[in-house]
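Step one of this worksheet: look at the structure below.
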Amino acid sequence: MEELFREVNLKFYKRYSKLDDSKEFWELMKAPLRQSIRINTLKAPFDYIVKRLKERYELEPIPWVKEGFFINTREFSTMIEHALGLVFPQEASSMIPPVVLDPKPGELILDMAAAPGAKTTQIAQYMENEGCLVANDMKKWRVNILRSNLNRFGVLNALVTQKDGTYFGRFKETFDKILLDAPCTSVGMVRKSFKFAKDWKIDRVYMYSKIQKKLILAAYKALKPGGTLVYSTCTVDPFENEEVVDFLLMKTDAKLEKIKLPLKSTPPILEFDGHKYSEEVKKCLRLHPQDNNTEAFFVAKIRKP
Ligand SMILES: C[S@@+](CC[C@H](N)C(=O)[O-])C[C@H]1O[C@@H](n2cnc3c(N)ncnc32)[C@H](O)[C@@H]1O
């Protein structure tokens with residue numbers, strides 16, 4: 001596998017070998033992903049949906065999300081439960097940020113980069129459709145998919161907006177909770193498509209890191225004192241992860257909270273490519289693909305004092 005990545009994109013291979021040079025990392029970066037679904041309790045009771053599915057599929061619970069299961073099919077286009085919005089096909093690690101956000105009914109929540117809505121629908125599910133969920137994305141074509149997913153998955157408490165996420169910085173200390181599932185180089189998604197390795201360029205890492213820093217500052221401004229901001233990406237690059245969180249810690253009074261979930265993780269990075277980060281970032285959750293046989297992911301739980 002290492003050979004394959006080396007041939008496809010040597011710069012990609014060199015950068016991420018500095019991060020993790022284990023055989024398992026490179027093997028799992030290319031291994032086919034296990035399929036997983038989330039049961040959508042906004043449409044029907046949990047037990048009813050699970051019982052229906054068990055008549056035709058094998059389900060294995062995902063330890064860190066009680067509504068999540070690994071499933072032995074890739075054929076979602078012919079699954080009636082999918083067409084009806086009873087199940088959302090969603091990668092197991094991508095279910096973590098809403099769990100960490102811990103939304104409650106009645107809260108005012110912002111999902112700053114929401115399309116196509118996997119995490120928005122999960123947040124609405126935890127809110128039991130009560131309160132208000134602002135679901136934003138900058139790209140029009142993606143907002144259209146977001147709207148259609150909110151519709152199909154029975155989300156009734158969302159307001160959809162199409163803005164650059166920095167727009168929300170003007171609503172100072174407004175939201176109880178904010179999810180910033182940031183645009184990123186998507187290195188973790190290489191298990192879905194090899195194009196994320198082929199097309200990877202260091203310039204894009206720098207570009208995204210800049211955008212992410214602007215977005216996280218705006219999100220923090222819009223957060224109420226005592227509120228929770230969850231920052232996540234599906235990439236392993238420290239410039240888009242620990243560096244962005246470290247930047248927020250330096251610029252504001254933000255505090256990090258340790259994330260405790262029943263899964264394995266890789267220690268966060270304190271120094272990379274000449275950049276050093278605060279010891280505090282050790283509280284973030286860094287998942288490499290071999291940790292739990294999922295996509296790579298990064299999650300930080302931030303609290304405003
Ligand atoms: C990682 S994806 C979000 C996935 C989504 N949270 C989900 O779970 O389905 C990042 C999203 O950020 C959006 N985006 C990119 N730049 C943005 C910006 N400046 N403000 C808001 N959204 C942005 C992209 O269109 C993309 O849909």
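Counting starts with 1 at the first residue shown.
From the backbone N, Cα and C atoms, a Cβ is placed for every residue, glycine too.
Automated prediction, rather than curation, is the source of TrEMBL annotations.
Here TrEMBL flags 25-305 as domain 'SAM-dependent MTase RsmB/NOP-type'.
In the structure as shown, the Cβ atom of D164 (S-adenosyl-L-methionine binding site) sits within 10 Å of 14 other Cβ atoms. Under the heading S-adenosyl-L-methionine binding site, TrEMBL lists D137, D164, D181.
With a 10 A radius on its CB, C234 (active site, nucleophile) counts 24 other CB atoms from all the protein chains. Positions annotated as active site, nucleophile by TrEMBL: C234.
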Among D137, D164, D181, which the record lists as binding S-adenosyl-L-methionine, the farthest-apart pair of C-alpha atoms sits at a distance in angstrom of 14
DSSP on D164 (S-adenosyl-L-methionine binding site), three-state: which is it? coil
Applying the rule Cβ within 8 Å of the centroid of the Cβ atoms of D137, D164, D181, what extra residues of the same chain belong around the S-adenosyl-L-methionine site? M112, A113, A114, A115, N136, M138, K139, G165, P183, L215
Return the residues near D181 (S-adenosyl-L-methionine binding site) by Cβ distance under 8 Å, restricted to its own chain and a separation of at least 6 in sequence. P97, D111, M112, A113, A114, K119, S232, T233
Neighbourhood of D137 (S-adenosyl-L-methionine binding site), C-beta criterion under 8 angstroms, separation at least six: A113, A114, A115, V143, L146, Q162
